[in-house]
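TrEMBL annotations:
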type: DOMAIN; residues: B:27-234; note: domain 'MacB-like periplasmic core'
type: TRANSMEM; residues: B:263-285; note: transmembrane segment
type: DOMAIN; residues: B:267-387; note: domain 'ABC3 transporter permease C-terminal'
type: TRANSMEM; residues: B:306-335; note: transmembrane segment
type: TRANSMEM; residues: B:360-381; note: transmembrane segment
Ligand SMILES: Nc1ncnc2c1ncn2[C@@H]1O[C@H](COP(=O)(O)OP(=O)(O)OP(=O)(O)O)[C@@H](O)[C@H]1O
Ligand SMILES: [Mg+2]
């Protein structure tokens with residue numbers, strides 16, 4: 001295993017059982033994701049992008065093979081161990097933001113910190129720092145349901161980075177946004193990758209979005225078809 | 001551990017704040033629990049009120065004697081000779097001149113017109129003397145005066161006055177061919193004697209052709225609760241085919257009469273609770289479905305499934321507890337102190353008040369929480385088992 005590898009997938013298989021049929025999405029998928037990478041995953045609908053991202057994020061488990069993270073196997077962890085693993089290591093950014101509409105921006109950002117041992121004042125400071133980073137310091141007390149899509153996604157980014165995870169996973173983070181807002185969000189992800197050393201894996205349909213990444217892999221029928229290195 | 005409390009607290013707070021999204025369903029659950037609790041409390045308060053009306057009537061210091069086998073006063077007959085024999089018995093208290101404190105009483109039934117239903121109902125007319133009145137320790141005239149011995153005068157209990165027409169002070173009432181005048185109003189501290197009319201025992205004997213016979217004998221006991229002297233006398237004297245018991249024992253047995261109301265109330269509210277439970281389960285399953293994406297998102301972020309379980313459970317308990325409080329408040333407002341009357345032991349009306357008490361409220365609270373717990377448990381289980389990947393589905 002190379003020094004830089006954060007993720008290593010070895011002969012990963014994934015299939016879903018639908019009624020009497022078994023649909024095989026991946027069989028024998030091998031890949032590594034390096035520390036500090038910003039990886040875009042592209043591919044046609046149904047090619048397994050979300051399925052792959054879910055396995056990397058520990059919300060879904062492979063049917064076979066091994067997934068190593070930071071030198072330890074994670075695919076065979078129990079559900080409660082995986083839950084803790086996610087809390088410690090992963091920041092999630094969703095296509096539809098997945099904010100809690102009954103909480104204000106600051107309380108939304110604070111959620112992952114409730115899983116840590118931080119005191120109230122430490123949490124407050126981290127929330128303020130995260131909101132400042134996404135340029136929403138003045139909106140801390142606003143309800144997220146009253147915000148624009150771009151603002152909501154920025155709150156979601158603040159939530160994803162507030163507990164300082166090693167890895168950020170995004171599934172179509174700009175899929176619901178217009179071009180200019182999408183560019184803002186992507187620049188922000190790029191900044192997190194370049195200046196804050198976050199490893200980012202982003203699923204997208206949009207070649208313009210993928211151009212912000214360091215590399216892009218194309219997925220089709222459960223295989224990587226080719227890989228581009230951009231930066 | 002602190003993290004777990006923080007998680008549960010946050011999830012519970014979010015669930016409560018999201019209630020307006022499910023306003024009508026949640027209100028329906030609150031109302032259903034409220035109705036069930038109110039109904040349970042109404043029945044229990046009725047039984048409780050009746051029981052304490054009966055219980056407080058009975059004194060330990062007084063023995064009641066009736067003919068053997070007559071469960072209630074109305075069925076009993078006692079001769080003057082038997083009264084004389086009892087007066088000689090040991091164990092009976094005596095006044096300063098050495099006269100035994102014994103009250104032979106008559107108990108006949110007359111008609112009255114109920115205010116609530118304008119229908120006729122039975123009222124007991126008790127023939128009594130001053131010794132007998134003195135045995136009702138808490139008897140007090142609140143209006144008018146005592147009846148004069150040997151006349152057609154009577155005094156009326158406040159319960160009768162409250163529930164029946166035509167017994168106001170100074171009014172003339174006709175029972176059969178006799179006309180009586182109400183000269184006084186008495187209370188006995190809220191107990192069953194207030195549901196009676198009292199008049200001179202000798203006058204009733206003559207109007208109702210009872211010769212020199214009576215129906216019950218009451219005797220003041222030398223030692224409270226000790227009827228052994230009287231029992232001995234009755235055992236040794238074959239002419240005394242009597243049963244003796246303390247007055248408190250006599251009324252306690254009668255007070256159990258409305259126990260079936262408590263049982264009935266429990267059965268009714270249990271059946272209704274099942275209905276409320278079905279509705280509450282539906283509300284809570286809807287809540288879990290409504291919050292599915294939020295639950296899954298929190299689980300993705302690393303919140304435990306226990307927090308999803310507890311959050312749902314707390315929501316159910318909060319809703320049912322709100323219903324319990326509402327139901328208790330309603331029961332208290334509408335039923336506490338409510339006057340009612342029912343058939344007592346001798347087919348006469350006993351007037352009593354519904355009585356709410358802390359232990360009844362505790363039973364109401366238990367029922368509400370039981371509804372909350374049961375209706376929360378299965379949906380909470382579902383919330384805890386919700387697949388995390390729901391978070392990644394398209395917006396709904
Ligand atoms: N939970 C599941 N049960 C059954 N089949 C599933 C499940 N999740 C995904 N699939 C199937 O696996 C395949 C890959 O799905 P996936 O969501 O990973 O595709 P995708 O590349 O993300 O597509 P899109 O671009 O539309 O988001 C699809 O055929 C899908 O129907
Ligand atoms: Mg997808």
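Backbone N, Cα and C atoms are what each Cβ position is placed from, and that goes for glycine too.
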Handout entry: Outside the transmembrane segment (B:360-381), six or more residues from its ends: residues with CB under 8 Å to it
Key = 29, 33, 36-37, 40-41, 44-45, 48, 269, 273, 276-277, 280-281, 283-285, 287-288, 308-321, 323-325, 327-328, 331
Problem - Rounded mean pLDDT for the residues that make up the domain 'ABC3 transporter permease C-terminal' (B:267-387) - result: 89
Handout entry: Secondary structure composition of the domain 'ABC3 transporter permease C-terminal' (B:267-387) [DSSP: H/G/I, E/B, coil]
Key = 93 helix, 10 strand, 18 coil
